[in-house]
Amino acid sequence: MRTTSRGLILTLALTPLLAGCFVSGAEGSGSDTQGGSAGRLRVALARPPVQALSPYSDDATLLGKLSVVEGLTALDKNGAAAPALAKSWKQVNPTTWTFELRKASFQDGTPVTADAVVNALDHADAATPKPRVLSDVTLTAKAQDADTVTISTKAADPVLPLRLASPVLAILSAKAYAKDGTASAIGTGTGPFKVTKLIGKSKASLDRYDGYWGGKAKAPGIDVTWIADGTARANALRGGDVDIAEWIPTAQAKLLDAKTRHEVPSVRTDSLILNTGNGIFTDPTLRAAAREAVDGSALVDSIFGGYADPAQGLFGPAVSWAADKRVDATGRAKAATPAQVRSKTKGKVLRLAAYTNRAELPETATVLQQQLEKAGFTVKQDVREYTQMEADLLAGKYDALVMSRVVLLDTGDAVAYLASDYTSNGVYNIARLKDAKVDQAVKAAAEEGDVTKRQQKIMAAEAEILRTDAVVPLVHEKVVQGIATDVEGVLLDPRERSLIDVDTHLK
Amino acid sequence: MSVMSAGTEVRPSRWRASLGRLAAGTALLTAVAMLPWLSGNDPALTVLRARSADQNPTPEQLAAVREQLGLDEGPFAHLAHWLGGLPRGEAGTSWVSGEAVLPQVTGAFAVSFTLMLGALVVTIAVAALVSARTVYLGSRRRLHRGRGVIGVAVLAALPKFLLASLLATVCGVWLGWFPSSGWAGPASMVLPALALGVPSGAMIGGLLDQSLPAAFNEPWARTWHAYGYAPGRVARHALRRALAGVLPQLLPTVVALVGGAVAVEKIFNIPGLGRLALDAAIAQDLPPLQTATLALILLGVVAGLLIQALRRALLGPALRDGALPALHAPAASRGRFTRWAAVACALALLALVTTGLLRDPLHVDTAARLLPPSAAHPLGTDALGRDLLARLGHGALRTVGVALVVTAVCVLAGLLLGMAAQVGAGLTEVVSTMPAVLAGLLTTAVTGPSAWGAALAVCLVGWTPYAAQAAALLEQERASGHMLASLSFGAGPGYLLRYHLLPAVLPPVLRNALLRLPTTVLVLASLGFLGLGEQPPTAEWGRLLSENQPYVELAPWTVLGPACALVLLSVLAVSGTDAAAVRSPASVRKSRRSSGRGAQAQGGVSAGRTERRSAARRSPAA
């Protein structure tokens, strides 16, 4: 029949199209990176690259995690600066430091020289928008001789060595920097692993860099798959598709074999931020009532399935020095009774915000809603995707926000977080806190050069902030990393900055 | 309204259709280009966040991003620049990553398109299974009773993301038959294609199954059977006849999966177009978003034209020559079973809602978390220790109410646009491939987060299946002999609408709408993350499913309850209307049947209404 033959022709015409799509589809997702040589680590990471492995974006963390790049320094277990590309350093005067470089080479074969370091730091300083780690400092790097770099800052910067450990300030070879100001870490880092191929936002393959100054890595390479969905990540590990899966959501953690489940205290604290600038929480007694009503420990075993610690303050167990130096908050306002709350709010609704990006936060908001309603508040939730609500948050359109925040930012130093979130001119001051004593305490901590004293002052600032009840810490999160039983040497880092290094390998 | 046969005005109609496509496409692209400016969300801030989540949003940083992207030039300069690059094969660079957009979008499109083809295969297989009984019996003239619709309603009500989670866990992790995620080869296509294709197949199959008895009831089929033609031959022609009306449904049901399968793409970690577009939209990264939108528009138009060509090929010259009888279902009894099923579902739902309403849906008890069903909690508790029965009961009215209102609006809009055939066709093609999330983003940009926003957003895109169906049915109906006769007897448009067009179109469209009811519930809930719809902790069925999805494996009862409720609703809606239609057949249809018989007996025309006589005895293309 005529129509049948027409249909046949159509089908025949479609067949190559079909095949073409599939092949290109398979290529696009990089099937060839699978099943490489034996011993390669297969890793499932959560956050896909956003800027094609540019160190000036969130990709920096990822480059650090996979040991692709290094800075002049690194952070040790206790969060102090440790040697990396610089084997030693000293502070010449409050604003000047000199760093002695070790003998190392870039993955493209060129040697790491003082000039290369200066070039890298200059590019980071000139990057637009300016990397966060450099946002409150102006530094100038100079090559003193072939393996000595002098770095001077405009104002005294006691945490400069910590700052330089940030993967954003990774030292890349000259080849990495394009004329338009962008940088790419593909094949230009100094770490034990070298990115050989990046396929969009789905896969990457890394090979061992044999010229690494710290010796050859034990694993011949890494195959990275980005899996944004937590359940899918857990499934990939359970199905044996990957050897390491990071950030297993608490809802999935119980499903993993106990031997593959590794929990790490994280530097993330979940808290309830109260808007002190406008709305009902301008009244300190209402804030105090909210603080007393809210019980974060109820969340630990329920929503977090045990993968969290009840909050002790802004800084949890992952910040090892915090517990010993904690100062009790004194002089807090007296909490309003439920009857007082009702009369003071005059029927005004408490607008409670939470964002959907982290699954636990909306659930937390619902628990908190019940706790707050018991204390006399009338609560209405607003739950949305973070970017959809950020402008409203910063504009003070909510009374309270359930928030998950990293308390040690890229400097590895707690002051940056306190300054941006709680000081009067902080740019991320969602609590809209304007308190002279807090400002003063944070400033004092920022200016302190001595490590122990700085930590003491940070804890004093924490007490000042908690006194205002602008923030009610709920829990300190734990991260669950899924690691197959035949993998050894995975780094469980509370700062989530490292994961795989020279010693990580398959048994 | 034109009631001429299609053949006489092919050229102007093509013109108008292309005009409709062009207008709709341009409007959509412009709306997308305006998105950041409409929403009032500073694109500099969202782009900065996408690049570096912990970056402080200082004014200097934002100014740097704004300058880098040239945001101050405004939306039109950007749109013009982007359009200008297209002829050269450039679609700009991503605002977030700075990489060229075109390779990304084409790569993702190829992946999604391949997946869609896989889903299409599954859809066809499932649809074939669903309608196999009718084809077999019908071709042998043994189709005395309509078949139960329960299986179809159950399958069509299965939430795709739930099916995906289930398949990934069972076949991916437990049994290890297929990879649980990724896109590495044909094996990784199986599970997602099943998750997407089974509900679609049930829907398409359900529609096909409904129109088949009418085809078998046509005089030519009777004649052929009497002549002793092989059942296979009768079946083939009946299928051609019925398929022509169902084919347009493939566009909004299957082809739309290229951009609209975000949830399944996430669960299986497939680097598809839906996720790319969603990520770009969240970051307000315009170049990839615009390019993805354009790709979807082109896909819609090409697929629409292809489907139209297929329909024409199936129906042959009969359609053009106005020699086509419209398909009208015989009043075969649906069987007692269907009626009982409707009653049982109604009772079950009623029991669910009444017992649920007596309980507290909001009481959180973190100690009673994820409890399995027991006397205290007949359906178990969710992750916060809330009683699931209570949440189902309290959510019922709102869920079903909103879904019904949205469906009604969509059906109405679909009918209207389906009648405006030529312009409507272009618009339908362009809109039917648009993911609901995009409509949601445009809605939030204009209205801000609101309780009715989700309904509005779904109405914006949800009408396409009905428009496509109505247009296809109307085209056939207009090409039928009795319409021409009515016209020649001086019937006005109102009369035609009331007595010919609506009776022909409404029942199948309603059936389609009811089959899609569960999907509507789920789509409404899927926009919650944009702040559209009722805010938590309000109970709502779609939300119950999505908020409990992570616990599928740990506590299956948390999703079982809501999923069963959706299935009950679907079965009730479909079988209930079937039973009602059988008990009280529309007066119009009854009179037509009797007059039809009269007309055949007298061999003439009765009372201003000719019956489908002249063309009735031939197969459409035989």
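Cβ atoms are placed via backbone N, Cα and C, with glycine included.
What TrEMBL records for B:596-608 is compositional bias 'Low complexity'. According to TrEMBL, the feature domain 'ABC transmembrane type-1' maps to B:392-578. For B:584-622, the entry in TrEMBL reads region 'Disordered'. If you look up TrEMBL, you'll see B:21-39, B:109-136, B:148-177, B:189-208, B:242-264, B:292-310, B:340-358, B:400-425, B:437-463, B:483-501, B:554-574 marked as transmembrane segment.
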Requested in this report: Using a Cβ cut-off of under 8 Å, list the residues of the same chain at least 6 residues beyond the transmembrane segment (B:148-177) that approach it.
Outcome: 126, 130, 191-192, 194-196, 198-199, 201-203, 205-206, 209, 261, 263-264, 267-268, 334-335, 337-338, 341, 515-519, 522, 545-546, 549, 552-553, 559, 563, 566-567, 569-571, 573-575, 578
Requested in this report: Take a look at B:242-264, B:292-310, B:437-463 and tell me which one has the most Cβ pairs under 8 Å to the transmembrane segment (B:21-39).
Outcome: B:437-463
Report summary line: If one takes Cβ-Cβ under 8 Å and requires six or more residues beyond its ends, the residues near the transmembrane segment (B:292-310) are 21, 25, 28-29, 32, 86, 105-106, 108-109, 113, 247-248, 250-251, 255, 258-259, 273, 276-277, 280, 425-426, 428-435, 438
Query raised in the report: Honestly, do the transmembrane segment (B:242-264) and the transmembrane segment (B:340-358) touch, with at least three Cβ pairs under 8 Å and pairs 6 or more apart in sequence?
Result: no
Report summary line: Contact set of the transmembrane segment (B:109-136) with the rest of its chain, CB cutoff 8 A exclusive, min separation 6+ beyond the ends, reads 143, 147, 151-152, 155, 183, 189-190, 192-194, 196-198, 200-202, 204-206, 208-209, 212-213, 216, 231, 235, 238-239, 250, 253-255, 257-259, 261, 265, 270-274, 292, 295, 299
Report summary line: Long-range Cβ contacts under 8 Å made by the transmembrane segment (B:340-358), restricted to residues 6 or more beyond its ends, are 148, 150, 378, 389-394, 396-397, 565, 568-569, 571-572, 575-576, 578-579
